[in-house]
Amino acid sequence: MNNPRHNIREVRSPRGTEISAKSWLTEAPLRMLMNNLDPDVAENPHELVVYGGIGRAARTWADFDRIVASLKDLNEDETLLVQSGKPVGVFRTHKDAPRVLIANSNLVPHWATWDHFNELDKKGLAMYGQMTAGSWIYIGTQGIVQGTYETFVEAGRQHYGGSLKGKWILTGGLGGMGGAQPLAAVMAGACCLAVECNPDSIDFRLRTRYLDEKAETLEEAMEMIERWTKAGEPKSVGLLGNAAEILPEMVRRGIRPDMVTDQTSAHDPINGYLPKGWTMAEWKAKRESDPKAVEKAARASMRDHVEAMLAFWDSGVPTLDYGNNIRQVAKDEGLERAFDFPGFVPAYIRPLFCRGIGPFRWAALSGDPEDIYRTDRKVKELLPDNKHLHNWLDMARERIAFQGLPARICWVGLGDRHRLGLAFNEMVRSGELKAPIVIGRDHLDSGSVASPNRETEAMKDGSDAVSDWPLLNALLNTASGATWVSLHHGGGVGMGFSQHSGMVICCDGTDDAARRIERVLWNDPATGVMRHADAGYDIAVDCAREKGLRLPGILGE
């Protein structure tokens, strides 16, 4: 029987100013959907997989074709509804409504398990959208580089006096998200040893310049790390192997990194994590023939992996969970101390979230890198005092290879996002940019996610699992006029552990776009300030008052 998710075709986004849809507001999601499946962007485009285990852009290739046809035919007062990667309806709305509304992999809480999802998935009734895979705003590994960089820099401030020179970071996973780690480490001044079981993933990161070297033995990798750290030269190496085997061996040998984390796809025990002692071929075959055996073996391996991370933590090495839910699996497997080391958000990132600062990203629909370089200069012009951001933009231009449509990410917050959006829109209007820009973000943002083992871990008021906030964020972005809005479940940490929302807005140079941009790019980060102010964070309360937010049940107005 033919697999409806397999096709050998090659998809790439159109470039230039000629459009095949009826307006840029529908051409934009069309191009970004196609960009998600560009072979230079997606991890497994022939299977519709963008990143993150089985994070897909569309449910089947037939659904992809129907989405494309629907977008090309969509009028300026119509909205396309997409249910778990399947286009299910077109309805008349109005010009300021989103052109696309997306809901991916959402399940009633009692049934929000991998077992139930996988059953639906096999029947063709669901699709795992991850975060930006099914919401069509993945920009390649760059999308997580700055967040990882900010985490490593802050860890360096807290633990090493502000410098990571001569230090090295041990991690696992070089997929679409984990692949950011070696480059982020090098940008932060550190060396990085990343363990990865898939040689194709290592080669992908080498090809896109996210990784410097590869090694096939621990001895070879450690020789590089020792040489680089001694010279104070920040470089990275990908070690072919299984993290669940390599990390315990490093503990036994007394090897001591300066920081430990992990970004294997542990959120998905069947499709994302290679069990100890298994070959890649055996793993791939048994995922189809005996998924329960794969899951059992993978979960046991994750426990061993986390035990090794705890050994590093106990020896005084800064150790952090990077949001793949590996601690939860280890705890479920009987490792009571699995949560002794913290997640990266409460340890290093939450103060940024309190001010609505998060992963603001944009892509040039023209396909011309010069459009991104012009926007880089505009960001510096509008934020002249943010030298840290200027340094990031300089490093990004020098080190980050574009994947698919040229794009940029930089972390900015409430009060700055809408200013940048309006400036980009004016650049489109004036012809300074060759074609419209789309602005979006990761679902990992200050007001758009409930994920008790990641973004909302250890909230001050204990509201870690309250998921009203991402629902309100999606509703507000819809009401504000985002070009497309998405609401997902299970991204990052897997089924049952997160709900989150995303938005994208198109800057097409029109007055209508300017009005929408001002609303969306103010309201979206403002919900993050609101959420953290409600949880009792003084930084967020101060930010809310400084920005004049009206929060009657929070500020006591």
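Keep in mind that glycine also has a Cβ here, set from the backbone N, Cα and C atoms.
What Swiss-Prot records for Cys410 is active site. Residues annotated as NAD(+) binding site in Swiss-Prot: 52-53, Gln130, 176-178, Glu196, 242-243, 263-267, 273-274, Tyr322, Gly492.
Feature map: annotations from Swiss-Prot on the structure.
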{"residue": "Gly52", "record": "NAD(+) binding site", "Cβ contacts under 8 Å, 6 or more apart": "Gln130, Met131, Ala133, Gly175, Gly176, Met177, Ser265, His267, Asp268, Gly272, Gly491, Gly492"}
{"residue": "Glu196", "record": "NAD(+) binding site", "Cβ contacts under 8 Å, 6 or more apart": "Gly172, Gly173, Leu174, Gly178, Ile202, Gly238, Leu239, Leu240, Gly241"}
{"residue": "Gln263", "record": "NAD(+) binding site", "Cβ contacts under 8 Å, 6 or more apart": "Thr171, Gly172, Gly173, Gly175, Met177, Gly178, Gln181, Tyr322, Gly323, Asn324"}
{"residue": "Ala266", "record": "NAD(+) binding site", "Cβ contacts under 8 Å, 6 or more apart": "Gly272, Tyr273, Met302, His305, Asn324, Asn325, Ile326, Val329"}
{"residue": "Leu274", "record": "NAD(+) binding site", "Cβ contacts under 8 Å, 6 or more apart": "Cys197, Asn242, Ala244, Met280, Trp283, Ala298, Ser301"}
{"residue": "Cys410", "record": "active site", "Cβ contacts under 8 Å, 6 or more apart": "Gln146, Phe360, Arg361, Val379, Leu389, Trp392, Leu393, Ala396"}
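Gly176 (NAD(+) binding site) has a Cβ environment of 30 other Cβ atoms inside 10 Å.
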